[in-house]
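As listed in Swiss-Prot for this protein:
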{"type": "DOMAIN", "residues": "13-204", "note": "domain 'Glutamine amidotransferase type-1'"}
{"type": "ACT_SITE", "residues": "90", "note": "active site, nucleophile"}
{"type": "ACT_SITE", "residues": "178", "note": "active site"}
{"type": "ACT_SITE", "residues": "180", "note": "active site"}
{"type": "DOMAIN", "residues": "205-403", "note": "domain 'GMPS ATP-PPase'"}
{"type": "BINDING", "residues": "232, 233, 234, 235, 236, 237, 238", "note": "ATP binding site"}
């Protein structure tokens with residue numbers, strides 16, 4: 001078959017036109033939670049491309065602009081005459097109203113931010129089974145002043161006259177609030193009403209159908225050629241390894257580069273798990289001394305990241321040449337990576353990057369642009385939670401699927417200041433105790449991340465009637481849904497006490513343990 005044939009994938013049932021909203025990805029995730037496939041595309045998508053995709057429904061996202069700004073983002077006005085159901089959210093609703101002859105007024109004292117109860121004015125397919133006075137999440141300045149012909153007001157709030165509108169004949173709808181946000185009580189109900197009742201989508205986007213559709217597509221793309229995968233042990237690369245192994249078997253070679261900054265026992269665990277237990281070919285590359293030598297005397301965190309990234313590139317080049325030749329490079333690129341790296345450079349037909357570039361390898365630096373690989377990125381349209389489901393369906397155990405996120409530079413950026421083997425050994429032991437006690441307490445799966453940080457100072461202590469001068473360890477445990485925001489975890493004091501006691505008694509050169517209770521924002525999850 002031709003190259004074009006294997007690139008033909010499932011078309012999205014719902015298209016999301018992105019006008020710069022911070023919630024565009026969230027809209028897509030919420031729709032996929034209804035088992036309906038959706039993609040985020042540029043607001044500049046052409047009518048021809050929309051007709052080619054033939055979606056069952058279109059959502060116009062929110063955005064930070066005012067529709068009256070000189071360079072405010074727009075879409076082709078003909079979109080409203082396609083006969084395809086459209087839901088405008090916040091800015092998307094305001095744009096629809098303005099383009100169809102209504103009017104929007106700038107914010108004055110009636111701007112709305114946060115929770116607000118909506119009052120339902122009349123029945124509508126969009127608000128079916130949504131309770132009156134239910135709470136919705138508002139975040140807008142401008143408001144609709146006058147509706148276009150054919151539209152009705154179906155809900156309002158205390159400060160917003162047109163909180164929801166509809167044109168039932170043309171199936172055009174709008175909401176001033178954000179149904180995709182968790183704070184909106186009946187937000188998912190509104191999304192389901194639009195997806196199922198109005199757009200008539202089928203709930204056929206499942207983990208099983210994704211795997212069934214993807215495996216033959218991988219086989220068709222790769223043929224009998226060899227594929228190389230840089231394995232990190234995280235959920236993305238591990239899921240990809242299982243998926244590729246199921247699709248092409250021995251044509252896959254995984255390369256695990258041990259740079260010396262992994263957690264205690266992880267290199268041994270990964271080699272045993274993939275190579276011995278599941279018979280997935282993994283080439284182990286011990287590059288510990290190379291990496292630690294490059295970091296000698298380096299204290300700046302950005303320099304550390306850059307050096308680790310550059311050294312990873314050199315090792316990767318050397319080993320791929322030694323093991324190859326390989327025609328394909330497999331990457332665990334996810335859909336948020338595609339959106340964030342492409343910006344507006346997204347193919348409107350597929351939602352994929354127009355100019356494909358090899359992304360940074362787990363935050364440790366990009367691979368060389370001149371590497372002569374073709375890319376295999378079967379996860380590129382999935383979100384993180386979907387990848388976990390695929391991994392589970394393929395047989396990955398919970399210890400991989402539910403593993404806490406771990407930065408590409410590893411422990412090197414959890415040691416503040418210069419990195420050396422003594423500090424690495426110290427931090428590995430302390431970090432293992434943190435995770436061990438969190439798991440014993442049954443809290444591991446309830447926490448986004450739990451780890452230890454080694455500070456580059458020494459503190460005074462007393463141990464065995466003797467004065468000590470040793471390093472302090474910081475405990476960092478946070479709760480989060482996606483890592484974008486996070487709150488410090490309220491670990492019971494008895495567990496914190498047990499962790500601290502074990503660390504100062506079992507870890508050499510540590511005499512103090514402190515707990516970081518900073519949320520994100522203003523802080524970040526990692527210290528470097």
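The backbone N, Cα and C atoms fix where each Cβ goes, and this holds for glycine too.
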State the Cα to Cα distance, in Å, between residue 234 (ATP binding site) and residue 90 (active site, nucleophile), rounded to an integer.
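The Cα atom of residue 234 (ATP binding site) is 37 Å away from the Cα atom of residue 90 (active site, nucleophile).
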Can you tell me the CA-to-CA distance separating residue 178 (active site) and residue 232 (ATP binding site), as a whole number of Å?
37
Kindly assign residue 90 (active site, nucleophile) to one of the three DSSP-derived states: helix, strand or coil.
coil
Within the domain 'Glutamine amidotransferase type-1' (13-204) only, compute the mean pLDDT.
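Mean pLDDT for the domain 'Glutamine amidotransferase type-1' (13-204): 90.
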Among the recorded positions listed here (90, 232, 233), which has the Cα closest to the Cα of residue 180 (active site)?
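Looking at Cα distances from residue 180 (active site), the smallest one goes to 90.
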Rounded to an integer, what is the Cα-Cα distance in Å between residue 232 (ATP binding site) and residue 90 (active site, nucleophile)?
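It is 40 Å, counting Cα to Cα.
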Determine the Cβ neighbour count for residue 238 (ATP binding site): the number of other Cβ atoms within 10 Å of its Cβ.
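Taking every protein chain into account, the count is 26.
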Could you tell me the C-alpha distance between residue 236 (ATP binding site) and residue 90 (active site, nucleophile) in angstrom, no decimals?
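The separation of the Cα atoms works out to 34 Å.
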So, three-state DSSP: helix, strand or coil for residue 238 (ATP binding site)?
helix
